[in-house]
Amino acid sequence: MADGERTAFVDLLRPIADPPVRPDLISLSASATAAASAAVDPPHGSRAEADRLGASLKELADADARIVFVGDPGRTDPRLALPGNAVRTAKYSFLTFIPRNLFEQFRRLAYVYFLAIAVLNQLPQLAVFGRGASVLPLAFVLLVTAVKDAYEDLRRHRSDRVENGRAAAVLDPAGSGQFRPHRWKDLRVGEVIKVLADESIPCDMVLLATSDPTGVAYVQTINLDGESNLKTRYAKQETMSRLPSITAGSVTTLIRCETPNRNIYGFHANLEVDGKRVSLGASNIILRGCELKNTAWAIGVAVYTGNETKVMLNSSGATSKRSRLETHMNRETLLLSAILITLCSAVSICNGIWLAIHRDELELSQYFRKRDYSGGDEKYYNYYGIAMQVFFIFLMAVIVFQIMIPISLYISMELVRLGQAYFMIRDKNLYDESSNSRFQCRALNINEDLGQIRYVFSDKTGTLTENKMVFQCATIRGIDYSEGKDPSPNGSDVYYVVVGDQFWRPKMLVKTDPKLVRLLRSEGETQEGKHARDFFLALAACNTIVPLIVGTPDPKQKLIDYQGESPDEQALVYAAAAYGYVLIERTSGHIVIDVLGDRQRFNVLGLHEFDSIVTGREYLDIIRATETNLHAYSSMGLRTLVVGMRELSRNDFEEWHSDYEKASTALYGRGNSLRAVASRVENNLQILGASGIEDKLQQGVPEAIESLRQAGIRVWVLTGDKQETAISIGYSCKLLTSEMTHIVINSNSEASCRKSLEDAIAISSKFVAISSRAQNTITGTGSVRVPLALIIDGTSLVHILETELEEKLFKIATVCDVVLCCRVAPLQKAGIVALIKKRTEDMTLAIGDGANDVSMIQMADVGIGISGQEGRQAVMASDFAMGQFRFLVPLLLVHGHWNYQRIAYMILYNFYRNAVFVFIMFWYVLYTAYTLTTAITEWSSVLYSVLYTALPTVVVGILDKDLSRRTLLKYPKLYGTGQREERYNLKLFILTMMDAIWQSLVVFFIPYLAYRDTTVDGSSLGDLWTLAVVTLVNIHLAMDVFRWNWITHLSIWGSIAVAVMCVILIDSIWSLPGYWAIYHIMKTGLFWLCLLGIFAAGMIPRFTMKALTEYFMPNDIQISRELEKFGNFNYFTGTEISMSTFSETHPGFIR
């Protein structure tokens, strides 16, 4: 509003986030008409969605408010009930580390299982291994994990000490008016704090005064939400003018604010000074973690400290996710448990039978004595009756065969995922030069899920597009101005503002329409010219942009850099400046606009949040003309915006102002009250015009979507944009093609939604039937489905999601090749993801860049955040983060494929490796009267899965590649291996166990038959079995390695060498069983002959099956490997995919 004489409220309907309610700014959101408002793109971005979320929360009652006495922490918190300002991000302390870390680790049931095994082995009746040896595997795994956790927590402790020990200037409570240094951790609620330029804010503070006479302060919130643009915060004039009295304590000032909450974009409070109540909002508070910029100093009062600050309340991470392979691994673990129980039961039952048959011979048995004859009195010795012996044997068998469930697998998977994450982070193909950002792996436990994705749910703005808005065209009172021309930096068509002897011009140049420029500058007094001037005045005035003046090499020329939280607002203000309406100053109380050389000052009296649901009045021809232009802009993929105004009489203004002041100072129901006030004034609006803003596609998006489609991945786009804009972008990015038939659902009731869904299902069924008959008639082959695209809006989803209509939507959506959801809210995005996730076993991935995408990202199996223009909320909630949508192709098709095949093979190999060892011990038990005597030393049993065979699996899991990057990108269909679970399934598990049983038979019986009539003892045979099984399983691994390098060679052959050296070392210790046994057996030629026989016989079935399968029934991976080997990459020729353009005739829509 201009000073007294101007009574026109002018506002623009911003398509992005407005800040929370600022009662010290003028801005009444106004729409043209109901019809025009329907064509406006809804607010998009982190802040708008947070505002909506905050508005939906329950308002706080006065009784729940916090009362803060400014400058008097003792009176504010007399009982010291409020937390101090010390923060703690560390999880452990010196006293709690061991119990808490152990508790967290034993949340894995497998660890509880191995702990129970170790405890059972400590009992004398059940002791099979030495007490130390039985504990070693579990202790090793726990120790490694504990050291990793301790190191990470030590870094947190150091960071906490640095943070809490920083100095802050605090007002002396004695009333001297001096600020004295205090450590951050000693700050209390109610203390007055002074912050200097470029310093961090120590706690959440309400501004009292700043170095700017108008009370404005600029802060950077990049540490809080990742947004790098400067934000404006304001001190109230009531505290600015009374600062000396407040600091001296002569004036009682108190703040009534809401209790601590996580909403970083909302703050409800009021200030009472000298009996006057003044409202406070989010523009009056600066939060911990922000930095003061372009402001010499700022003084504020602490209202939230320590763990109650908003940054700390938002510091919790995303919910933990488990990979699909790890979930399936539990199934195989249960099967292994069943095998383990079967083996233990067989041994115990056979032992019971043997005891019953030989009950009279037990006293003289070599392995078993019934009585103890060494003492004077006869007593039972090592015998408790057949029933108890059977029970003890069962438990002892569990101890001996415990490694059937591989404890080393868990830590091996963690190490492999860590290595995979390292190579993904270092991949130059995932590095974004424009933002200088690398790929981030924020969740290490789902790397392999990247290789099994079936559905990708993507946001549009900032994810498929750059979210760098550029003004393109405008329509004013129904007249289209879209003949814009790009200006030259030093051309005569660039508008300059003269300030003294300097020339100021906007930093970013915008194309201008010559006809509109002439209208504004030479025909401004005409009715058409007045409408154009009001239009651009609204663009320049109604926003939250802050103009910053920056220098250039020419001292007489300055650039105006518009800083704001919204790319849309920046584009609109730059557009207004290009036409001569230049915003040159903004303070807490006024703005200054240079209107074609005439400086105009506007007092800022209030602001209403964006609301696209308003009423208006206008001539029908203007409405239709504007709608036509809006549709044309949307068809070109532009974001549209309608601008309206209303002139108020003095009585109307005073009535609004009174209601606004009353609503804005309320603690209870403030949000609802302000919305009610806005709804009363936002009616009978007059259309000024509409704008078209271009948000360009990111580089490589069409090619990325086509590659994903060829890989069998369905891409769904969920956007808040209007339908025409979304469809236009869909064609631009090749999501939609001219061959597709569109099924559009735009319904406003449950009944109409039901009918639309039923019609859509019927239509899709007809298309499938028609295409099937046509294909069979012409070629005599199977059917080819007609490509379908489902386009549905958020209004329809309101009546569909969480109702019985969901099943119908699921049925039609899964038939369609593409789904495009328009005008959807954040929770609806999550609902669409849940629609697929809860009804299918298909893996889902969600990708977005704003806070409105967080719920979708967290709902999907894999969430990816784009480091874009809308802050880091999506990144902080994601599992992975990257800079561009196109990086999704190498991430999924290359790294996802590699990760899946590596982890899948590693799991099966670990099961096989341990099963071979267990079955060897089982065969031996059958020849020792089922007494669980072991020929293999206890140390070899312990070191088998920890040292002898662990490293090669980790190295292969990190480095092995079945196909090259070039091949995987050239043939996207190879990605289907993970989708079909070809590398890890129940069939492969059964075949692996059969192979393990065969190899265990070979390893056991060849030496047994060779040495059964010799004097070689059990310890020597045990050493032979140990070396044979270690070598065999490593040869098995070597046979399956795809890409050899020196690290792989060293790990595999080095592990065999280490096993040989360890066996020799163990047998060289005189105090251990089997002393010198290896030397006795190794000197015989039969020893080496047995090893050769074991290797040949053990690998023949696997080698034969592998050769026959690859020769007669090769899969896609094997064929591609042959293409790589022989260099015949031109064997397959790629087909050209037709590209839809706007000049082509679009297919008909089915409604």
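Just so you know, glycine gets a Cβ as well, placed from its N, Cα and C.
Annotated active site, 4-aspartylphosphate intermediate per TrEMBL: D459, in sequence order. For D459, K460, T461, E569, F610, R639, T719, G720, D721, R823, K829, N852, D853, the entry in TrEMBL reads ATP binding site. Residues or ranges marked as Mg(2+) binding site by TrEMBL: D459, T461, D849, D853. Annotated domain 'P-type ATPase N-terminal' per TrEMBL: 82-132, in sequence order. Residues or ranges marked as domain 'P-type ATPase C-terminal' in TrEMBL: 875-1115. The transmembrane segment annotation in TrEMBL covers 109-127, 133-151, 334-357, 386-411, 911-930, 942-959, 988-1010, 1022-1038, 1050-1070, 1076-1100.
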Long-range Cβ neighbours of the transmembrane segment (988-1010) (under 8 Å; 6 or more residues past either end): 332, 335, 339, 908, 911-912, 915-920, 922-924, 927, 1021, 1024-1025, 1028-1029, 1032, 1036, 1086, 1089-1090, 1093-1094, 1097-1098, 1101-1102
Number of other Cβ atoms within 10 Å of the Cβ of T461 (ATP binding site) across all protein chains: 30
Near the transmembrane segment (1022-1038), which residues from the same chain, at least 6 beyond its ends, have a CB less than 8 A from one of its CBs? 909, 912-913, 916-917, 920, 924, 934-937, 940, 944, 948-949, 952-953, 956, 999-1000, 1003-1004, 1007, 1052-1053, 1055-1056, 1059-1060, 1063, 1067, 1074, 1077-1078, 1081, 1087, 1090-1091, 1094-1095, 1098-1099, 1102
State the count of C-beta atoms found within 10 angstroms of the C-beta of D853 (ATP binding site), not counting that atom itself. 32
Against the transmembrane segment (334-357), which of these stretches has the most C-beta pairs under 8 Å: 133-151, 911-930, 942-959, 1076-1100? 911-930
Count the other Cβ atoms sitting within 10 Å of the Cβ of D721 (ATP binding site), across every protein chain shown. 26
For the domain 'P-type ATPase C-terminal' (875-1115), what's the mean pLDDT in this predicted model? 92
If I take the alpha carbons of T719 (ATP binding site) and D459 (active site, 4-aspartylphosphate intermediate), what is the distance between them in whole Å? 5
Against which stretches of its own chain does the transmembrane segment (1050-1070) lie, if we need a Cβ under 8 Å and a gap of at least six residues from its ends? 937, 939-940, 943, 947-949, 951-952, 954-956, 1019, 1023, 1026-1027, 1030-1031, 1034, 1037-1038, 1041, 1076-1079
What does the structure give for the C-alpha distance between D853 (ATP binding site) and D459 (active site, 4-aspartylphosphate intermediate)? Integer Å is fine. 7
Quick one: Cα separation, K829 (ATP binding site) versus D459 (active site, 4-aspartylphosphate intermediate), in Å? 9
